[in-house]
């Protein structure tokens, strides 16, 4: 299946649809999901250092590329810098480790995963915590400090495009103004209950593409930190979404995905269910009516943010919303 793409300011093309891999660390489960996705025509795979699964993805990529099933230029890989590797002396070391794990010479899109740098334990990438178990913030490193190191790796060809994740609109604009290599993408929570209207307008103005994580509301999000503060909300069970799924004879997930992609937003829904992986990619074979798009846009008035970055509250660079 042919997947539409969004042009990046680097001249590259970001597939509008891909596979998210957050919370998938089981070797067999992830390999099955990846093979199903690649065989179904997925071109975008999204991961991160903190997901602890880059090495598994690397094995499958090597399998497909070395056997000729896939050319390197046919697949788009996004990964991210962990919040414990923002210090200038840590950036290249971390990126090199990720390239080795992914078995790649370059990464298509590399994002600063979180705007709140923290310190790591000596000799490892494990976060440093205080006696109360709270993260120890790095209050000395700025976004531009980290970005300058990423720009060096961009010019060296190791990173083909740069971006950020979970930054506020203000933080994105401030970085954009200071950067020599302009951000090409921002990845944020985006779904019918949290539609990022202000950020989307800014992205349009700056020419920055937007990728939605949790486009389905991430129903399994609480398993990542059971003791975290997780607002309630499930777009998959919204009455309007259920009604439209029946109307179009599609799944609720396909309705939610199509709403975003029809608005020019790249999406990376996570699934390890082979049937759903194939089902999700076929969300591009129909179009929502203008009336139904407006009805879904009205859901934005609900304003439920499902990921509040509560572990970083109090950090001087916490991304306050506009």
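Backbone N, Cα and C atoms are what each Cβ position is placed from, and that goes for glycine too.
These features come from TrEMBL:
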DOMAIN    18-299  domain 'NADP-dependent oxidoreductase'
ACT_SITE  51  active site, proton donor
SITE      80  site 'Lowers pKa of active site Tyr'
BINDING   113  substrate binding site
Confidence summary (mean pLDDT) of the domain 'NADP-dependent oxidoreductase' (18-299):
96
Tell me which residues of the chain lie with their Cβ under 8 angstroms from that of residue 51 (active site, proton donor), as long as they are six or more apart in sequence?
21, 22, 23, 24, 25
Restricting to the same chain and to sequence separations of six or more, state which residues have a Cβ under 8 Å from that of residue 80 (site 'Lowers pKa of active site Tyr').
47, 48, 49, 50, 110, 111, 112, 113, 165
I'd like the number of other C-beta atoms within 10 A of the C-beta of the residue listed as 'substrate binding site', please.
22
